[in-house]
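Trainee: The following feature annotations were taken from Swiss-Prot:
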BINDING   Y53, N93, D120, G162, L163, H164, G165, V166, G167, I168, K393  ATP binding site
DOMAIN    473-587  domain 'Toprim'
BINDING   E479, D552  Mg(2+) 1 binding site
SITE      K504  site 'Interaction with DNA'
SITE      N507  site 'Interaction with DNA'
BINDING   D552, D554  Mg(2+) 2 binding site
SITE      H559  site 'Interaction with DNA'
SITE      R676  site 'Interaction with DNA'
Amino acid sequence: MSNDNKDLFSVLNHAQSRIDRKENTQYTSAHSEIVVPAVPLSSPHHHKEDSTYNASSIRILEGLEPVRLRPGMYIGGTDSKALHHLFSEIIDNAMDEAVAGYADLIDITLDSNNYLTVTDNGRGIPIENHPQIPDKSTLEVIMTHLHSGGKFDGKAYQTSGGLHGVGISVVNALSDDMEVEVARERKLYRQRFSRGIPQSGLEELGDVYNRRGTRVCFHPDSQIFGENTAFDPEKIYKIARSKAYLFNGVKIRWNCDPAALKDAKNIPEKDVFYFPDGLKDYLSLSLKNKHLVTAEIFSGKTQQLSGHGSVEWAIAWHNGDAYIQSYCNTIPTEEGGTHETGLRQTLLRGLKAYAELIGNKRASIITSDDVMASTVVMLSVFIKDPQFVGQTKDRLATTEAQRIVENAIRDPFDHWLANSPHEATKLLNWVIERAEERLKRRQDREINRKTAVRKLRLPGKLADCSQNSAAGAELFIVEGDSAGGSAKQARNRTNQAILPLRGKILNVASAAREKMSSSQTIADLILALGCGTRSKYREEDLRYERIIIMTDADVDGAHIASLLITFFFQEIPDLIRAGHLYLAVPPLYRISQGGKVAYARDDSHKDELLKTEFTGKGKIEIGRFKGLGEMRAEQLKETTMNPKKRTLLRVSIDTFEMQETKETVQNLMGTKPEERFRFIQESSTFANNLDI
């Protein structure tokens, strides 16, 4: 099964593009983040005699060829998130120089032609011939060889996030034009590359006396990311600003061509990021005008002994949504890791110790989940040789990081509580209230899940699964009884439930609350989920691990998916934050030739399959599915519901773009058609194909 992440902004924009343009245009958009799987939805079936397997079938990939062939293995895909990951790789190298104490200035320049330049005043990439490959400069080795760099032996860098040979070489492979300048030992050098291949030798440009460091200028390859792909100035700006918060010893200067800012809101052409109080400055700005449980933000920074690294944190408790933004060596760890585990355990133990000190026995019931409820956390660690899960470094796996964080925060947290007894008691009572609410909810729930089902009187159209546990359970939301019938036959009855919807769900972005409350379709959906809405959402009451929107692969299906996503975003956003909401990817076409069958999700995929898979003799038959209900149960199972073969797109929310996402949802789904039309004109490449 393939699970690709898609932020909610991209999902809605992509779906709206399908609705508001002519149906025969292809799936391409500047903001669309549909990830094309490496294989068709259903791989073509061949007769055994059609295939050969011998020595000539084995291919050895050389140099950076694996990166171009499977970019998803290195940057997580070819969508907008992956595109901006290229910038992260380059600025991470510059930040490593700053953290190591060799640089204090980074310049970032975004041109209107989609060239991005990052310059630092560090030591500069070495340029002398490499001892292991004597006929090449070290710069060329770093740029063209995976797993080469100065961060493996721990001598050049005590802590680092990027690895020159993994990060910058991958960016080089995925750029159609890249130029690297190195100012080192009073000499200026330059080398050019294209798609990972040197286009020139190492050139010595002359003497420089007032400059040192590395300048990297690159242009993403349209063959990888698409013709209309462009950097988002707002995303680049926010990434750069966050790096400055993470290390208060660096100044980052931002420059952007005005032509590149035409669609960006409130992003200046020039800016300077420098924050002497680091994460505390960041959190104070984020929580401006918010009511906090304690008057002060708990923040600090600890340098560990024996060169093991450092920890910086800023923590506040408030009455809003909880989120944790953590980093390791300036790398954002979106999926958490061992450093977050250390933080959670330390805060729990500290509060329990304080409760014992003041004789509050009620605190015995609190857990780390109670402590972290409605907590806003910024956590940054710098450690030697960090171990991450996956190439994109979304989760920290270093075991020692937990101990480092615990040792760093334990004493400061104890002192913070002891020095402000009034605030500490207020916080403790607040956490105890969260724990008591949790226990009351548990007592109110029926022990047996099936009893709870009967008690709730779940919708009659719901075909529930047989297992009692939510772990591994899936709810498919489908449109209409016809599709529901096929899905019920195709499902695994043990863990897959089907909920057919009657017609299009209400657009909650434009409907009054009274109308939403009277909608039977919405009431059925809320009952089936079992987790409540808005502030009453309870993760532990959610009856399924995955909520999968499965609609037709046409315009109407996209519209229904947009309405459902809007409902989840406005009414149950925590369900999206927890990673429970997915989009199924059903096929639009069935292609057959002789004994070979394949399924295509859209027109461009169909054309690709016709060129690559159906090149033999014989009549090619192409059938277009009008809807899921037209598919046989075995076809639906094979292409869309079988975990081993299907593709799912996970919907996500970027915490730091929450306000922008709210505005986008309102513009696309709200009551003002002129705002929707304006948004499409400004943000979509399909404006010329509008069919209104």
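Just so you know, glycine gets a Cβ as well, placed from its N, Cα and C.
Since we're looking at a predicted model, the values are computed, not measured.
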Trainee: Given the recorded positions G167, K504, N507, R676, which one's Cα is the least distant from that of D552 (Mg(2+) 1 binding site)?
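Mentor: It is K504, whose Cα lies nearest.
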Trainee: Between K504 (site 'Interaction with DNA') and E479 (Mg(2+) 1 binding site), what C-alpha distance do you get in Å?
Mentor: 8
Trainee: Measure the Cβ-based neighbour count of N507 (site 'Interaction with DNA'), defined as the other Cβ atoms within 10 Å of its Cβ.
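Mentor: Counting Cβ neighbours of N507 (site 'Interaction with DNA') within 10 Å gives 17.
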Trainee: By DSSP, what is the split of the domain 'Toprim' (473-587) into helix, strand and coil residues?
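Mentor: With helix first, then strand, then coil, the domain 'Toprim' (473-587) has 54 helix, 21 strand, 40 coil.
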Trainee: Including all protein chains displayed, how many Cβ atoms other than that of H559 (site 'Interaction with DNA') lie within 10 Å of its Cβ?
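Mentor: Result for H559 (site 'Interaction with DNA'): 20 other Cβ atoms within 10 Å.
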Trainee: Cα distance, D554 (Mg(2+) 2 binding site) to R676 (site 'Interaction with DNA'), nearest Å?
Mentor: 20
Trainee: Taking only same-chain residues 6+ apart in sequence, whose CB is under 8 Å from that of G167 (ATP binding site), what do you get?
Mentor: E89, I90, D92, N93
Trainee: With every protein chain in view, how many other Cβ atoms are within 10 Å of the Cβ of D554 (Mg(2+) 2 binding site)?
Mentor: 17
Trainee: Among K504, R676, all listed as recorded sites, which has the most CB atoms within 10 Å of its CB?
Mentor: R676
Trainee: Between D120, D552, which of the binding-site residues has its C-beta surrounded by the fewest other C-beta atoms within 10 Å?
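Mentor: D552, out of the binding-site residues D120, D552, has the fewest neighbouring Cβ atoms within 10 Å.
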Trainee: So, three-state DSSP: helix, strand or coil for D120 (ATP binding site)?
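Mentor: Its secondary structure by DSSP: strand.
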Trainee: Which whole-number value in Å describes the distance between the Cα atoms of H559 (site 'Interaction with DNA') and E479 (Mg(2+) 1 binding site)?
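Mentor: E479 (Mg(2+) 1 binding site) has its Cα 11 Å from the Cα of H559 (site 'Interaction with DNA').
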